[in-house]
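**Q** Here's a structure for you.
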Amino acid sequence: MGVKTMLPNYELGFYALVVTCAVVYSGSGIFEASRDSMNRKAFRDGIKPGWHYFGRKMDVADFEWVMWFTSFRNIIIFALSGHVLFGKICSMTVPQHRAVMYMLYGALAVLGSMGLVYLMIILSHCLVLYSVALAKQKWLCYVAGLCCLASFKVEPFGSWQSGFVTGAFDLQDVLFYGGCTFTIMRCMSFALESSEKKEGIYSIFDLLKYNFYLPFFFFGPVMTFDQFHAQVSTRELRRKDDEMKSIRVNALLHVGAIVAVDIFFHFFYILTLPSDLKFVTRLSDWSLAGLAYSNLVYDWVKAAVMFGVINTIARLDHLDPPQPPKCITMLYVFAETYVYDHLGENHDSIVKELLASVTTFAITTLWLGPCEIVYIWSVINCFGLNFELWVQKFFQLGPFAKLEAKMSGAMSRRVRAAFGAVNFWAIVLYNIPALNSLDFALLVTKRLLVTGFPVSTLSIWFITYCGVQLIKERERILALEEEERGDKAKVE
């Protein structure tokens, strides 16, 4: 109820004004804190010289961002450009064999970057999980796959396997564990899809073609085997109307986002500031809330950009990879397809949802590597996911359902947005321990809910409510546009 209800324009304008003023005010506090801390000794490792055009240092605390777009940018561009060029030639000359060519290029790239021993480790795990897939037993596929994943994430097995890979360069550990763990997830997808096949089984050659597709190999995202196999086996390569235009636009947007984030890091040290609790305690409640919020938003933007670049290349290869928001979480597609949706079904039952979420976060914990902060992150996020359903079920009870039925659509939307604002900050606080530190998360929670109550608590809640209303308005417009397109399709 209230999903497609429009609020008055003056009300939406007021919400937009409130959010804009709040962002400017909070941002000014973070900007001043960043300027004052530029030469602070405690931030020496996180703040380095940046673009000389700005005359300011840059926040380089995020290793992934620096790796992708600064330190190893040229190497990554070279490898992916070679893949695009090689793939284009194959698509034009031997489209029926392009999957084989992708596999050969990917395997050679892995061999050249990580060495023969690493390639043998990957192939050995592929062979083990392929052998398990021959039994066509789902439970056995899960057990074997999770055991293989644990062999990289639990000591001393992980160190034992990584010790076989000789040589040393800055990116070696990231590539080793990224390639190995994603290989396990792809092999599990292959095994589970093979168990669903009624007649026969896919060949090990199909598994290797799936696993050694270079754009997905080291960093994902996980594209399920059935989708990859169907799309890469298509011989007639045709593009939809304006598809190349869409690809070019997406590529330009990603380049623009990369430049914008780099510029942003010259003026706002959102990643480094939380590392010094003595310093951030001096910030106002609004600036502290803005710092926590900006860290979560940056994590979303980073993932969208990183996977967006990979997805753009995959689309050039005539594939349809997971799109935002599904590509943002590396395991989203795998967990959604084989665990969360499989156990939770329609996600309407409290018991099934609890089982699905606990199982999903248990696998995610193993994927991230068992440690204290990962345990804390998994537990609070699992609780939050279930608590959201509990609250939803509670308000679906008779008295509340009757009360909402008496409301107008606009009032129902306002009430839902009020609860949505609380849920949004719950998501922020659930994820800050993993993005920054547990101490910083506790500080933010204490300032917003205890020492800042009631002024800071209610004012930040109201600002978030205004932001949620703007998001809901955007969703309303998109829903109407989708409905119009559906009506036109029916007429045609």
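Placement of Cβ uses the backbone N, Cα and C atoms for every residue, glycine included.
TrEMBL does not curate its annotations; it predicts them automatically.
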**Q** Can you check which of 212-230, 326-344, 364-382 TrEMBL lists as transmembrane segment?
**A** 212-230
**Q** Name the range, of those listed as 12-31, 65-86, 106-130, 251-271, that has the largest tally of Cβ pairs under 8 Å with the transmembrane segment (448-468).
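**A** Checked against 12-31, 65-86, 106-130, 251-271; highest Cβ contact count belongs to 12-31.
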**Q** Go through the chain and flag residues at least 6 beyond the ends of the transmembrane segment (12-31) whose CB is under 8 A from any CB in it; none is fine as an answer.
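**A** The answer is 267-268, 270, 273, 283-284, 286-287, 289-291, 294, 462-463, 466-467, 469-470, 473.
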**Q** If we skip the immediate neighbours and take only residues 6+ beyond the ends of the transmembrane segment (212-230), which ones have a Cβ under 8 Å from one of its Cβ atoms?
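**A** Non-local partners: 79-80, 83, 102-103, 105-107, 109-110, 174-175, 178-179, 182-183, 185-186, 189-190, 193, 202, 206, 306-307, 310-311, 313-314, 317, 319-322, 326-327, 330-334, 337.
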